[in-house]
């Protein structure tokens, strides 16, 4: 493929958006809907719920902590073979899980093996998408990430029907076949070569420069704080509503209302991120602040109408911050470093995601209600929005360049890769 001076902002990039849409559905849609297997595992293995909960937790942790590996491999080999390999691993993990005779087998198959496959798919796909777009990057991200919400609605009842029809082992076999479609998603990722790529060096040189890059480090801290409080409603909102006297079904329905609002927020934010002048970080700070405020107001609200309004507000703003969060990173580190940068961010911010829910549960145990849990969660998001203000050009009226990194450490000349005389990638 011929080397391009800047992202094409369309063309085959829309096929990459389609790939990212289905990939996000097959990774996080499956993870969000995996709770329907929870009761089956508890009954089949006669284990405590806490031990069964580790299956999904291990899978999420491996996916996030393994993201830098997927990023480094994509830098060396390109995203296509990496994502296709990840699809095989994800499907193989589900296949082996259908033959499990103990929870340890599920830890290793779903948690470790499928989690490794997810680590090789999600980050490389979004990084490849970022390289194809500049002016319309936020919109492309918003469209791609709607796959998570839509699949959450589709997969939960689908998985429940499969379990009732074929039992949990047969259902896992079919989920394995579904996960194998990640190979098709990977096949759509056509590698894109940019002139900027020749000056950033290999993964080691990129990692060194990012660890000395002040704006990148501050942005990583901001996302870690945001991630700490972001998922609290998905874990504890239903329990909080039941403490208020709600029945389980209406409480679960309110979470579905938030999910619908989340979908609308992702698309609307993606459009606004490209249409509103100024740096995308400013829009991210706005959505983060509104999400934090809505979280802090949950324990104060008592009336059902007020709680519904807050659920809609939280769903919209929390969904809106997701696409712009991924769009800010290329502005900071440049498209050439996006694979390494996104993988490193995913790994570090996972700390917040892993600590947020246990901290919220601990506060519930200490205080006897969820008031402190939701207020502390909102405080974490407000703290993250405060860190975002320190990013370069935050108060500028002109958008930062999406193809040139900001305040980067320049590598020594020996780390630069010379431009080859003939491109070896061939025609795609």
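Heads up, the Cβ atoms here are built off N, Cα and C, so glycines get one too.
Bear in mind that TrEMBL entries carry predicted annotations, made automatically and left uncurated.
Quick look at what TrEMBL lists:
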DOMAIN    13-396  domain 'Major facilitator superfamily (MFS) profile'
TRANSMEM  12-31  transmembrane segment
TRANSMEM  82-100  transmembrane segment
TRANSMEM  106-127  transmembrane segment
TRANSMEM  139-160  transmembrane segment
TRANSMEM  166-189  transmembrane segment
TRANSMEM  216-237  transmembrane segment
TRANSMEM  249-268  transmembrane segment
TRANSMEM  280-301  transmembrane segment
TRANSMEM  307-326  transmembrane segment
TRANSMEM  338-359  transmembrane segment
TRANSMEM  371-395  transmembrane segment
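Here the transmembrane segment (338-359) lies next to the transmembrane segment (216-237) in space: the count of CB pairs under 8 Å, restricted to residues six or more apart, reaches at least 3. On the 0 to 100 pLDDT scale, the model's mean across the domain 'Major facilitator superfamily (MFS) profile' (13-396) is 85. When each of 82-100, 139-160, 216-237, 249-268, 307-326 is scored by its Cβ pairs under 8 Å to the transmembrane segment (166-189), the top-ranked stretch turns out to be 82-100. Three or more CB pairs closer than 8 A are found between the transmembrane segment (371-395) and the transmembrane segment (280-301), so contact between the two stretches is assigned (pairs 6 or more residues apart). With respect to Cβ pairs under 8 Å, the transmembrane segment (249-268) is most closely packed against 307-326, considering the stretches 82-100, 139-160, 216-237, 280-301, 307-326.
Contact check: the transmembrane segment (216-237) against the transmembrane segment (82-100) gives fewer than three Cβ pairs closer than 8 Å, residues 6 or more apart, which falls short of the contact criterion. Highest Cβ pair count under 8 Å relative to the transmembrane segment (139-160), across stretches 82-100, 280-301, 307-326: 307-326.
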